[in-house]
Amino acid sequence: MSLAQSLQSQLCSVARQSPSLAKKIHAQIIKAGLNQHEPIPNTLLDAYGKCSLVEDALQLFNALPRRDPVAWASLLTACNLANRPHRALSISRSLLTAGFHPDHFVFASLVKACSNLGALHVKQGKQVHVRFLLSPFSDDDVVKSSLVDMYAKFGLPDYGRAVFDSISSLNSISWTAMISGYARSGRKFEAFQMFRQTPYRNLFAWTALISGLVQSGNGFDAFHMFVEMRHDGVSVTDPLVLSSVVGACSNLALWELGKQMHGLVIALGYESCLFISNALVDMYAKCSDLVAAKYIFFDMCKKDVVSWTSIIVGSAQHGQVEEALGLYDGMVLAGLKPNEVTFVGLIHACSHAGLVSKGRALFRSMVEDYGITPSLQHYTCLLDLLSRSGHLDEAESLIRTMPVYPDEPTWAALLSACKRHGNTQMAVRIADHLLNLKPEEPSSYILLSNIYAGAGMWENVSKVRKLMMVMEVKKEPGYSCIDLGKESHVFYAGQTSHSMKDEIIGLMRELDAEMRKRGYAPDTSSVLHDMDQQEKERQLFWHSERLAVAYGLLKAVPGSVIRIVKNLRVCGDCHTVLKLISTITSREIYVRDAKRYHHFKDGNCSCNDFW
């Protein structure tokens, strides 16, 4: 074997080894004067790509005297493998400007780059599609399969279906992409139909269906399909489907089911898989079991930015501020770079504890040290921190000057802080602005009404009340789900048809009487209806979280934690009631509502009353 053949052979196998080895072989090629010897340059480009050495690949590419389609495809593939789709599309613009005509390999790489960029780059994806249709390679089924996958990730399954129907020889990739496209877009019946029709009902098709259902919020359907997959005897040779089902447990806060999935992960031997461990940390945190989340986190042999961010955000959401900040310090010491989500959790934690200086410092560090461009979520967290801590002028200046457009919840957070700190003048000014936005959240109208009433602006109160009557039609019905292990129950506000109705009502009345002895007076400001005080109190009495808690006290194992998930925000009165119930019954109550997590224990809440 010649030296050129030997080096070529080494390059073909280097992708599975270290990046440093690729560079050593490159040095040997240059020493031997073989750097222009075909097909070594293209093979070296491919090796650099598989080792995620994008800059080295680009430098080599720029030095090539002749760039053929294989070289272009290798460079674009290198960018995709290194998760640098922006760079791939930037390079492609140079390719097209130079008058180069892409072949099917280049088109496949360009479509892959657009897919990785997601729905924000639909226009670019469609432009690549048009170029492909006008090219001599428009019948290539591999590129078409990539286009189906791209449109699935864009959330445009109808575009994907049009391409799918034009493929002459459908394969497993095409079918899987189409199933995923329907499932991810929430079109589950079409996803089920495609799944039943596919000749490739393998693990990848099951995973596409189940993962898509989870992503579109159809977690219970995903569980049913996972159970069916297990009954069909499909071997779990890839753990991705497990992480999807664990993710469904996170979304639905099904703690008991999450524990069962954890047991299955261990039984199948995937407990050391990094992304499975990350999913379990996130699941336990979202199910309000931080002890289990931390146990898994600290037991992990390898941790990445997702691992650290999951436990930091989990601690922050549950009010463990010092713990979250300490974990962040540990993450930095471990040499890992925090991401956008990490800082959302950290600044949110500072808001709970009123750590204004620390929050400002973290916001600056995010921009200056890590080059992260703040999103609306970052600005909202900082504004919440400033306004809750009484820095109202600074908060108003921030909301009016920040480079991203503030939404309704952002203005409502500032308005709520004005009310809390008694700044009536600013409150009325902010209320007028919020009212002009025509808010959609019923809670915003309640806040507006209270602000105007406090300022004696009764005409405005009347205006808001009329708007509230319209909003009431749109208001989503409140419901709460309680997880009791083998069973879970959903209670709706005002529900009176439960089989244990009499026992639930009896216990609620006993608790109400005891709370009133302890000074409880119902806060009816959150009741939208125009009715007398007694009827408003009756409305509060039938809120879904109270029904769920009463049921839990009757049915759960004595002394166990009562875990509840509510689809809307817990109102101020229910927050007070749950604190009192935790004292009266000596029970811990965990509630995950639409905004945050609440741990009620001994008359206190982990949110520090920032509901």
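Every residue, even glycine, has its Cβ placed from backbone N, Cα and C.
Caution: TrEMBL annotation is automatic and unverified by curators.
Not measured: the values here are computed from a predicted model.
Database features, via TrEMBL:
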- 171-201: repeat 'PPR' (REPEAT)
- 202-236: repeat 'PPR' (REPEAT)
- 304-338: repeat 'PPR' (REPEAT)
- 339-374: repeat 'PPR' (REPEAT)
- 375-409: repeat 'PPR' (REPEAT)
- 519-611: domain 'DYW' (DOMAIN)
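Helix, strand and coil residue tallies for the repeat 'PPR' (202-236), in that order: 26 helix, 0 strand, 9 coil [DSSP].
Under DSSP, the residues of the repeat 'PPR' (171-201) split into helix, strand and coil as follows: 23 helix, 0 strand, 8 coil. Taken through DSSP, the repeat 'PPR' (375-409) splits into 25 helix, 0 strand, 10 coil.
For the repeat 'PPR' (339-374), the model's average pLDDT works out to 92.
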